[in-house]
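This report refers to the structure that appears directly beneath it.
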């Protein structure tokens with residue numbers, strides 16, 4: 001599974017660079033180089049004017065667009081060609097830069113969609129344990145929840161989702177001994193301190209006091225529309241989780257010791273015990289890769305998009321030497337974060 005995990009990570013990088021490549025070609029920009037990895041090219045071939053390469057350091061990838069690295073030199077003849085990045089509109093430039101993250105997001109949604117369409121292994125909505133408020137509402141161990149507020153329930157996960165966004169009293173339709181019963185209860189709000197142990201960071205959530213029966217598993221199939229809805233819901237959950245983790249890291253409420261590097265990521269991927277688990281983790285990692293690339297850090301897509309906005313909308317452009325210096329700072333920062341993650345991975349193994 002370790003080799004499969006490494007290949008999955010390489011594939012996600014390929015998906016990201018493929019996004020830049022395809023959007024650039026749609027916008028009429030010539031792609032000079034498409035590389036998986038950085039540094040010395042180990043193997044390459046040329047096709048339709050593009051050099052496709054596999055490079056020495058497999059910790060990323062890049063596409064080299066015609067005219068992109070010489071965009072500041074307005075007199076350069078290469079910039080006057082119609083297939084040059086420099087000649088494209090601000091919208092096209094932003095679309096090309098966003099293309100990598102867009103393909104990462106698209107890959108994740110498609111994985112979630114096809115897994116839901118093919119049948120998802122889930123915990124059935126059968127009660128395995130109860131707390132006081134659930135008992136007082138008349139619920140019993142072994143009850144199967146059919147619907148909440150007239151919304152059909154197929155898995156225990158859906159119960160949590162509906163309860164989380166509910167308002168006021170809930171109407172539960174349950175099956176008990178082949179009879180359909182209706183029960184009513186109001187969720188209670190529980191407040192806990194986050195994992196950071198910061199007393200100022202309180203997490204509140206709603207519960208109805210039931211636990212699943214871990215032995216009751218089943219496969220739920222969805223229609224095309226339902227599968228698409230599930231895919232978007234899972235994608236949204238992934239985005240919220242990643243953005244919140246970044247926020248906590250930036251605000252200092254999460255420790256940098258929580259960062260993982262390549263070893264940790266590959267290790268987590270290699271623990272997937274089925275193809276569906278590997279794909280689910282790969283989809284989440286793909287969302288992560290897309291969001292991280294949109295951060296406004298020099299050398300990442302987000303900073304380049306910010307540069308396009310400032311130059312073409314606010315008419316503010318930094319001199320090339322300053323841009324190059326910022327790029328080096330950005331690369332240095334990313335290398336530092338990478339080695340910090342690697343250090344954390346090794347520390348966990350010791």
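For all residues, glycine too, the Cβ spot is worked out from N, Cα and C.
Source: prediction; values computed, not measured.
The Zn(2+) binding site annotation in Swiss-Prot covers 16, 20. Annotation source Swiss-Prot lists active site at 17. The transmembrane segment annotation in Swiss-Prot covers 43-63, 94-114, 249-269, 277-297, 326-346. Annotated domain 'PDZ' per Swiss-Prot: 108-177, in sequence order.
All protein chains included, residue 16 (Zn(2+) binding site) registers 27 other Cβ atoms within 10 Å of its own Cβ.
Confidence annotation: the domain 'PDZ' (108-177) carries a mean pLDDT of 87 in the model. As a summary of secondary structure, the domain 'PDZ' (108-177) carries 25 helix, 23 strand, 22 coil according to DSSP.
Long-range Cβ proximity for residue 20 (Zn(2+) binding site), meaning a same-chain Cβ under 8 A and a gap of 6 or more residues, is found for 63, 65, 96, 97, 99, 100. Neighbour density for residue 17 (active site): within 10 A of its CB lie 20 other CB atoms from the protein chains shown.
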